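A.B. asks: Look at TrEMBL and you will find 84, 148, 471 tagged as active site, charge relay system. Positions annotated as domain 'Inhibitor I9' by TrEMBL: 7-52. Summarising the annotation, TrEMBL assigns domain 'Peptidase S8/S53' to 75-507. The domain 'Subtilisin-like protease fibronectin type-III' annotation in TrEMBL covers 594-694.
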């Protein structure tokens, strides 16, 4: 791997676990010469990667007294490695009271730095190392100065902390999804860490002996053989390590999802049933607009009636004349957060209203709530339009803000797929569904750092903070995976991924279809498709006992890459020690869609109206069982499953079945459409559900089948 923007003359890292290679600074000519050297299978230019609780465990159905936590002993002893911005070890979320010493086979440890003493590690925080050579940090310390890494680690595996919250909000007992799991932090530079640092962190985590790796990071997709992160994740999965990654925050536009390989578990973000209501009262019978806020006040919660002024909230456009004593309405989504934290308070604004344009949620439950020093209200798109109409029609728009300082639970419909969550279809391999699942990701409470953060323009000092994004959803799934790993230590990563997917929920807390919170243009509600929700919302209790699983391993993934027409040289980048030529013509004969994956994606490209895919399921329950199939077919597709009944006698017995898809789209005016359905294997005790997506018509995708993709950097996914 060739590191960019660093001084030449030294090797940064050597990799010997998840891949075999090294990171070094070279000129373009030197890199070109190295690429043609004997024994070199690939040279990659270094790229930057972008970083993408009191209520969410309960929302997932986790309860201290029974169920998944008790069944899996709270994930005790499972080690989750986090590749992130570091950790604040003094947080109460990392207290090790009641935990036994880490298992003897653990090979990791904690590294001293000027601001991080290794003695801060304990039986909860069992590993702390920094990988910052390519990022050129002055000091290689695991200390978190951003907050992101501390937040995600506590979300997945934080210890129980009573009375946690942000000011008066979200108060309760904070704990991670797997509160007895152990944490190993592999720090990489804040913001946009180079991929060479990321790969070094993954390599070390696998060598140390982690069970799970959680990575709330990513970059623009490219073919897998040119994606060092995908290659490293492949190496980790070969070693039995479950790798879970965030799917990106570029929604609701289609084909924006990232971290796309089948050996990666990709997570989208969903809302929870918790809101922080506040309102804006408009003078002259302008009405009352409801939004959300984390502003805490000791007064009666009502500001004075003052003038409203619209602004881009760019600090260059602000001054005392148009800010002091006024409520500033920030218009647009490119708002400088430092303006909210510093400039507007210094100019003595009376308050701030953040509005959202049409790419955001219409109803407000999915808005991203943050804590600011000024009275601040965050409005949904619909409420923002109403406010703009009032300000346009009124010659002297005046309003007051009302804050209840309440946390309301259980009254709003949830989960919904968050508007910001990146969507499918998969831009690299459309026949592979991504994201895989969704999990709580909006307004999640997590541990924070003990000083002002280098991110979010955050000048507050809080022990806990509320944050949003697929970065927050990813550690929820890492925690659930830890529970599964504790109960089923011999399961492969693919079996864990299958259990998460086939038991996921497609209904919300009102027993209606999960809604896509992306704006539709008319404010109407749209049911979330698998491109938004994947297989659905994770359910820990059911995932511990899925009945059947779809297993896969390195050989299956090599066959998958062969179906993408990968060359032998390209395959060697993933597994140089395996026989990786594509000579097994009987494998994946129907293309990448034939991978033994817990979902089905079929593309009818005009060459045929019939596709047949095969799957093999492994029974993991102990008792003899019979499963019957139920098909919910896409509207214009006939789906036939053979056989329709699967009978099992022994645990880990395998059975295969075939699914025939016949397009009935002849005569449809617009054939280039996606339709969706489900295939369900069920009995009176279990349901094993796979989502189905079918594309009817030609698929125009420049990245399909091993083509070169753009390497431009993505915007921040914090």
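Heads up, the Cβ atoms here are built off N, Cα and C, so glycines get one too.
Curation does not apply to TrEMBL; its annotations are automatic.
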A.B. asks: Quick one: what's DSSP say for residue 148 (active site, charge relay system), helix, strand or coil?
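C.D. replies: In the DSSP reduction, residue 148 (active site, charge relay system) maps to helix.
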A.B. asks: Return only the integer: C-alpha distance in Å from residue 84 (active site, charge relay system) to residue 471 (active site, charge relay system).
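C.D. replies: Between the alpha carbons of residue 84 (active site, charge relay system) and residue 471 (active site, charge relay system) there are 10 Å.
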A.B. asks: What does DSSP say about residue 84 (active site, charge relay system): helix, strand or coil?
C.D. replies: strand
A.B. asks: With every protein chain in view, what's the tally of Cβ atoms within 10 Å of the Cβ of residue 471 (active site, charge relay system), excluding that atom itself?
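C.D. replies: Its Cβ has 32 other Cβ atoms within 10 Å.
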A.B. asks: What's the CA-CA gap between residue 471 (active site, charge relay system) and residue 148 (active site, charge relay system) in angstrom, rounded?
C.D. replies: 8
A.B. asks: Does DSSP give residue 471 (active site, charge relay system) helix, strand or coil?
C.D. replies: helix
A.B. asks: Can you tell me how the residues of the domain 'Subtilisin-like protease fibronectin type-III' (594-694) break down into helix, strand and coil by DSSP?
C.D. replies: 1 helix, 61 strand, 39 coil
